[in-house]
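Here is what TrEMBL says about this protein:
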ACT_SITE  Thr118  active site, nucleophile
BINDING   Arg146, Ile147, Gly148, Asp149, Thr168, Gly169, Glu170, Gly171  substrate binding site
Amino acid sequence: MEASIMDGAGRRCGAVSGLTTVKNPISLARLVMDKSPHSYLAFSGAELFAKQQGVEMLDNDYFITEDNVGMLKLAKEANTIMFDYRIPTLGSESCSAVVDNPLLTMNGLPISIYAPETVGCVVVDCHGRCAAATSTGGLMNKMMGRIGDSPLIGAGTYACELCGISCTGEGEAIIRGTLARDVAALMEYKELSLQEAVDYVIKKRLDEGKAGLIAVSSNGEVAYGFNSVGMFRGFAKENGFMEVGIW
Ligand code: ASP
């Protein structure tokens, strides 16, 4: 598991990778930001820091669920790495069969509900201060030692005085496009609005079908964009307005 958090007001950040026993990686990322002299801790060093900080740690078995074992089996059989809620086509190198077939079930549930496990959150407070955070188990059937975009500040997560951004999808594509930082850079250097910056980045900086992102700006604008099949998302405003979406 891996996670990162950034407080846009002071451009402070913290990130962790290679965790196997920390229950809430995002809490550890915040402790790296608040309680360490560093920005990013990984593998045994991150686990040691977790112990020293007294965060909740659990036996590795806690994280192994029947659903994920099933999905991993599918991915291994297809010799593929999965980054969204499609199923692998047996024998193919990438997962391309979108799941709309009601007969495709696992543990009695339609396979399409097995969404990626990444969770991102962006917030803006009443003073216009933005923050962003992203936490993930990474990609199904990833190589040992692989680090994705989620803990990388500027790729999967970024916040500054202008906005907060969190990305999801194929980490390698998000890293290549420095998606999160590019949204902020377009606002800063080209003075685009949040939605214009998000649209530009999704169109010009991201390989087709690979990812998406959620964003807020310091003036309270909410924006999202994706070119993956769908992206589970929701937002809530101070007046109680809430909205959720998938496609
Ligand atoms: N971006 C994550 C990664 O590549 C995966 C995801 O968003 O589902 O590790």
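One-based numbering along the chain as shown.
Glycine too: its Cβ is placed from the backbone N, Cα and C atoms.
These figures come from a predicted structure and were not determined experimentally.
Glu170 (substrate binding site) sits 11 Å from Thr118 (active site, nucleophile), counting Cα to Cα. Sequence-distant contacts of the residue listed as 'active site, nucleophile', defined by Cβ-Cβ distance under 8 angstroms and a gap of at least six in the same chain, are Thr134, Ser135, Thr136, Gly137, Ser150, Thr168.
There are 27 other CB atoms within 10 A of the CB of Gly169 (substrate binding site), with all protein chains counted.
Sequence-distant contacts of Arg146 (substrate binding site), defined by Cβ-Cβ distance under 8 angstroms and a gap of at least six in the same chain, are Gly138, Leu139. Checked against ligand 1, the binding-site residues Arg146, Ile147, Thr168 give Thr168 as the ones with a Cβ under 6 Å from it, listed in sequence order. Summarising the substrate site geometry, the residues cited as binding it (Arg146, Ile147, Gly148, Asp149, Thr168, Gly169, Glu170, Gly171) extend over a maximum Cα to Cα distance of 16 Å.
Listed in sequence order, Glu2, Ser17, Gly18, Ala42 are the same-chain residues at least 6 apart in sequence whose CB falls under 8 Å from the CB of Ile147 (substrate binding site).
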